[in-house]
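Below is one structure, written out as structure tokens, with a few remarks after it.
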Amino acid sequence: MRGELPNKHHSYTFFVFLFFFLILFPDLSISVNTLSATESLTISSNKTIVSPGGVFELGFFRILGDSWYLGIWYKKISQRTYVWVANRDTPLSNPIGILKISNANLVILDNSDTHVWSTNLTGAVRSSVVAELLDNGNFVLRGSKINESDEFLWQSFDFPTDTLLPQMKLGRDHKRGLNRFVTSWKSSFDPSSGSFMFKLETLGLPEFFGFTSFLEVYRSGPWDGLRFSGILEMQQWDDIIYNFTENREEVAYTFRVTDHNSYSRLTINTVGRLEGFMWEPTQQEWNMFWFMPKDTCDLYGICGPYAYCDMSTSPTCNCIKGFQPLSPQDWASGDVTGRCRRKTQLTCGEDRFFRLMNMKIPATTAAIVDKRIGLKECEEKCKTHCNCTAYANSDIRNGGSGCIIWIGEFRDIRNYAADGQDLFVRLAAAEFGERRTIRGKIIGLIIGISLMLVLSFIIYCFWKKKQKRARATAAPIGYRDRIQELIITNGVVMSSGRRLLGEEEDLELPLTEFETVVMATENFSDSNILGRGGFGIVYKGRLLDGQEIAVKRLSEMSSQGTNEFKNEVRLIARLQHINLVRLLSCCIYADEKILIYEYLENGSLDSHLFETTQSSNKLNWQTRFSIINGIARGLLYLHQDSRFKIIHRDLKASNVLLDKNMTPKISDFGMARIFERDETEANTRKVVGTYGYMSPEYAMEGIFSVKSDVFSFGVLVLEIVSGKRNRGFHNSGQDNNLLGYTWENWKEGKGLEIVDSIIVDSSSSMSLFQPHEVLRCIQIGLLCVQERAEDRPKMSSVVLMLGSEKGEIPQPKRPGYCVGRSSLDTADSSSSTKRDSESLTVNQITVSVINAR
């Protein structure tokens, strides 16, 4: 007995120590991964459920304010990253809430015992159930017996929020009547359902769509046996194994990672972009390895029917062989809304098929699919169906199999450099150079000669009429009245739709006779052409008194040219600023519409920045810094100091002109819009502008504001510093645009890496390189191109930052449309914190057209 007393003493000591240890350190108590029918989880207890391997954690949380949610996040990751939220649309309004099992259902109750959320299971009620958090992040409800552990009564994987985890399925479960899809958060701090969804459409051949307000934004393309046809990168993901299942019971996509110790997720962010992340343990941050949409061609139906998008061409939209623009003038100016139409009408039974290679095939929601036949039978099936317009294989494995045929219009196709799919488009035989019969040739010859005679007569009459007009020595009667009728009676239309000017207000703008313009430009001689714009040609001219002018002759055929003419005359005639181009007069004669500007000797900024000529040597750093300041002051005048609050909407290097002293002047106000003083933003069904300069919210959702111009200014600043275009910029070994390249260098403390070599050329006597000014401009440029509009500074702040050498400047966040493989900042990495760098949440609006140049 004596020998046992010391052992008992040690046992008592151990239990006393353990008791006090657990009291003093409750957070270090053993975590559980289950919740039984007799247990509960409350906000006040601050307890959580942890998966067996400590990978995931479930508990109550809040981000801002008094709204509480039940969610799941990664346990071992320092950055709180939420992957599932139970009551996302029914938050608890105060810190009194409880999760428990009631009647074989999981329920969340508020302080009045009201059901805030429930699993809503019906039918036979089991006597004993238990909830469990698994190591794959799945929160399940199952029977409490050991042999029932694999039978889930309910699981969170069937009800995703904004994130898809490995082993989680996205798509339809026909057997259980489930449709699993992800929905964005409403904002960075609000987990409730946002405006964007990524879900499966099973009409035709199953494929995923990105939606906003049930309007398609982008499309994955159908599964072709190896990958989704619009996501070629899938075959390059060595660390991920993906699977697509299509049978009577389900149509679903899922993935898993090869390294079971690594973390990966697929998340739709607050602006609708689908992003793939992989956790980097050494860097302790999320690495974004993929996202969609990644470029303009990913936007759904961007080029309209019978056209394809190709990022390697300019313009990016191209009519398919055998088709032509309905309005060539509009198409050439960048307006692709006029659609493509057939050059030659089809003749059923005689038509042939043209092969388009390396394509993302059109949307299949209205297509007919037959997986039992091959390509040859598919061609015959399409040929005998007179309304069939195209066909392709449904599966590209083993030489191809299956058949898709499109009836009527098809849209949303793009061309890849390689690895795309073959699409066969139905064309008239004449498009292949088929020989016509003798009778057909004779008929064609007769018709052709007749048309030539008629056309010659019309041209002769037109020439005589023009000659008569050219001899006139005075403007026609009512010349000023006609201009007033064209311009003034329409008024200046503000973004709200209200007319700013009425018939009683007269334009204080000199009018020039057409004959004077003809003489000044030497009858619009080609030798006097300064440039060609989207709506016409600009000529250099000299008046009789020796004054040099720039003459903008708008296209006679373009209705947009007329609209631009009206808008520019109404706006710029009332604006006076040293950094805005000055409109001297205008001229309207017959169908001619002409604007006359001051002539600026040094031309446009882009000719100095991007063309390898001697003119680029004029741009030492002091000149560039002066240009940046001048553009900023001009924009500030438009946004704040002018009579009207004006949004330019097309600020770019080619729309900044330089006088003999290299003073910058903003030009081309044809796309500008006027705001009320208390108006902050507006939206449009027709997005106009230039790719590379458009802000994300404007390009994708049609929302524009002063912050849209700020974004364009930021792009322009980085182009001035680097001497490189944002659009078309490619860095060796990377897939970034200029914004992404600048951002990566800035994060690594290598901001000066992007600077134009001409600026730092020590051998140049003109070089006055100031590194601190350059870095300040790069930082300001990055602030201006931040993804969220609300994060961008106003132009008043930009002017102040440019002029202050000692003032503290905020650190920028990730830019909008940052292309390429990149690692997110620590502050931008989780589903809660990562959203801080995302764009402003947008309203549910309709964007029917993007008209960019």
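Just so it is clear, glycine is given a Cβ too, placed from its N, Cα and C backbone atoms.
Neighbour count (other Cβ atoms within 10 Å of the Cβ, all protein chains): 23 for Cys297 (disulfide bond). What Swiss-Prot lists as disulfide bond is Cys297-Cys309 (among others), and the listing cites similarity to another entry.
What Swiss-Prot lists as disulfide bond is Cys303-Cys317 (among others), and the listing cites similarity to another entry. Over all protein chains present, the Cβ of Cys303 (disulfide bond) has 27 other Cβ atoms lying within 10 Å.
Secondary structure at Cys403 (disulfide bond), taken from DSSP and collapsed to helix, strand or coil, is strand. Every protein chain considered, the tally of other Cβ atoms within 10 Å of the Cβ of Cys403 (disulfide bond) stands at 26. The disulfide bond annotation in Swiss-Prot covers Cys378-Cys403 (among others).
What Swiss-Prot lists as disulfide bond is Cys382-Cys388 (among others), and the listing cites similarity to another entry. Counted within 10 Å of its Cβ, the other Cβ atoms near Cys382 (disulfide bond) come to 25, all protein chains included.
Look at Swiss-Prot and you will find 34-154 tagged as domain 'Bulb-type lectin', backed by sequence analysis.
Residues or ranges marked as domain 'EGF-like' in Swiss-Prot: 293-329. Assigned with DSSP, the residues of the domain 'EGF-like' (293-329) fall into helix, strand and coil as follows: 5 helix, 10 strand, 22 coil.
According to Swiss-Prot, the feature domain 'PAN' maps to 348-428, an assignment based on sequence analysis.
Model confidence over the domain 'Protein kinase' (524-802) is summarised by a mean pLDDT of 84. Feature annotation from Swiss-Prot assigns domain 'Protein kinase' to 524-802.
For Asn46 (N-linked glycosylation site), the same-chain residues that are 6 or more apart in sequence and have a Cβ closer than 8 Å to its Cβ are Gly59. According to Swiss-Prot, the feature N-linked glycosylation site maps to Asn46 (among others), an assignment based on sequence analysis.
Shown in sequence order, Asn105 are the residues of the chain, 6+ apart in sequence, with a C-beta less than 8 angstroms from the C-beta of Asn120 (N-linked glycosylation site). The N-linked glycosylation site annotation in Swiss-Prot covers Asn120 (among others).
Annotation source Swiss-Prot lists N-linked glycosylation site at Asn147 (among others), citing sequence analysis.
Sequence annotations record features per position, and here Swiss-Prot assigns N-linked glycosylation site to Asn243 (among others). Counted within 10 Å of its Cβ, the other Cβ atoms near Asn243 (N-linked glycosylation site) come to 10, all protein chains included. Annotation note: Asn243 (N-linked glycosylation site) sits in a strand segment as assigned by DSSP.
Here Asn387 (N-linked glycosylation site) comes close to Ile407, Gly408: these same-chain residues lie at least six apart in sequence, with C-beta atoms under 8 angstroms from its C-beta. Asn387 (N-linked glycosylation site) falls within neither a helix nor a strand when secondary structure is assigned with DSSP, and so counts as coil. The annotation N-linked glycosylation site is assigned in Swiss-Prot to Asn387 (among others).
Per Swiss-Prot, phosphoserine is recorded for Ser558 (among others), and the stated evidence type is similarity to another entry.
Within 10 Å of the C-beta atom of Ser654 (phosphoserine) sit 19 other C-beta atoms, taking all shown protein chains into account. The phosphoserine feature in Swiss-Prot is assigned to Ser654 (among others); the stated evidence is similarity to another entry.
Taken from Swiss-Prot, the feature phosphoserine applies to Ser667 (among others), supported by similarity to another entry. DSSP assigns Ser667 (phosphoserine) to coil, not to a helix or a strand. In sequence order, Leu580, Val581, Tyr597, Asn655, Val656, Leu657 constitute the residues six or more apart from Ser667 (phosphoserine) in its chain with CB-CB distances below 8 Å.
The number of other Cβ atoms within 10 Å of the Cβ belonging to Cys388 (disulfide bond), over all protein chains shown, comes to 23. Within 10 Å (C-alpha to C-alpha) of Cys297 (disulfide bond) lie the following recorded positions from Asn243, Cys303, Cys317, Cys388, Cys403, Ser654: Cys303, Cys317.
DSSP labels the residues of the domain 'Bulb-type lectin' (34-154) in these numbers: 3 helix, 53 strand, 65 coil. The recorded positions recorded for this entry are Asn243, Cys317, Cys382, Cys388, Cys403, and the Cα of Cys317 lies nearest to that of Cys309 (disulfide bond). For the pair Cys378 (disulfide bond) and Cys388 (disulfide bond), the C-alpha distance works out to 11 angstrom. Cys382 (disulfide bond) and Cys403 (disulfide bond) are 10 Å apart (CA-CA, integer value). Cβ-based neighbour count (10 Å, all protein chains) for Cys317 (disulfide bond) stands at 23.
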